[in-house]
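Here the structure comes first, spelled out in structure tokens, and everything after it is commentary.
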Amino acid sequence: MESPTPQPAPGSATFMEGCKDSLPIVISYIPVAFAFGLNATRLGFSPLESVFFSCIIYAGASQFVITAMLAAGSSLWIAALTVMAMDVRHVLYGPSLRSRIIQRLQKSKTALWAFGLTDEVFAAATAKLVRNNRRWSENWMIGIAFSSWSSWVFGTVIGAFSGSGLLQGYPAVEAALGFMLPALFMSFLLASFQRKQSLCVTAALVGALAGVTLFSIPVAILAGIVCGCLTALIQAFWQGAPDEL
């Protein structure tokens, strides 16, 4: 006998609330995706190929990297492995959210919002769970993930079909577009930041700084993740040890 489908708890956030809460992400995604569409066509990809990247890969800054590598003649495997190394942090997003979610999850809905779990969507979901985890719902998550994905695809369509070189005379604007995603991600993280996490954040920053100074950006990402996670584990064990005595 099949288990009953989990129902949203009374007072939980709705799909439309998720769409509404995605507005800051949508506003930042459209211009960056627009720049990606322009850049991809400038590198020789067709408008349809550019849109395909955004629909299927949906990897933000990694899309700029993979299109540049493919245009330069790199093999598909090398480009794919490079992007996987850059985005390895996404492996931790699901477990991190799951540890805070108190509701039962429905596999079909989870698969939908998991596809759209970008840095910014993850940060927004974390902030929601930190403020009030009882209001979090999969319908809300689908709303924010779907709206964000749609805005990314929409921005790519506009950029890819508007013609190459539209921002060529405005380098400052093009540089600012590339900074919008990191700035948005940091704003969400600061909104959910708690003082007790200071040590973990410091360790992650030190690890990332050492990685980027001594090696490369992918190594810096891995080093930051490892240092932050190890510090969190040590801190949790140290704080929990007295209770076991």
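First residue shown is number 1, and so on along the chain.
Glycine residues also receive a Cβ, built from the backbone N, Cα and C atoms like all the rest.
As annotated by Swiss-Prot, topological domain 'Cytoplasmic' applies to 1-24, 85-109, 162-172, 227-245. Positions annotated as topological domain 'Periplasmic' by Swiss-Prot, on the basis of sequence analysis: 46-63, 131-140, 194-205. As annotated by Swiss-Prot, transmembrane segment applies to 25-45, 64-84, 110-130, 141-161, 173-193, 206-226, with the evidence given as sequence analysis.
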Mean pLDDT across the topological domain 'Cytoplasmic' (227-245), rounded to an integer, is what?
66
Can you work out which residues elsewhere in the same chain, 6+ from the ends of the transmembrane segment (141-161), have a Cβ less than 8 Å from its Cβ atoms?
14-22, 25-26, 29-41, 47-48, 50-51, 53-55, 58, 60, 109, 112-113, 115-118, 120-121, 124-125
Residues of the topological domain 'Cytoplasmic' (85-109) by DSSP state, where helix covers H, G and I:
14 helix, 0 strand, 11 coil
Criterion met for the transmembrane segment (110-130) and the transmembrane segment (25-45) (at least three Cβ pairs under 8 Å):
yes
Should anything in the same chain at least six residues away from the topological domain 'Cytoplasmic' (85-109) have a Cβ under 8 Å from its Cβ atoms, list it; otherwise answer none.
5-6, 8-9, 12, 59, 61-62, 65, 117, 122, 125-126, 129-130, 133-134, 136-139, 141-142, 217-218, 221-222, 225, 229
Residue counts in helix (H, G, I), strand (E, B) and coil for the topological domain 'Periplasmic' (46-63), per DSSP?
14 helix, 0 strand, 4 coil
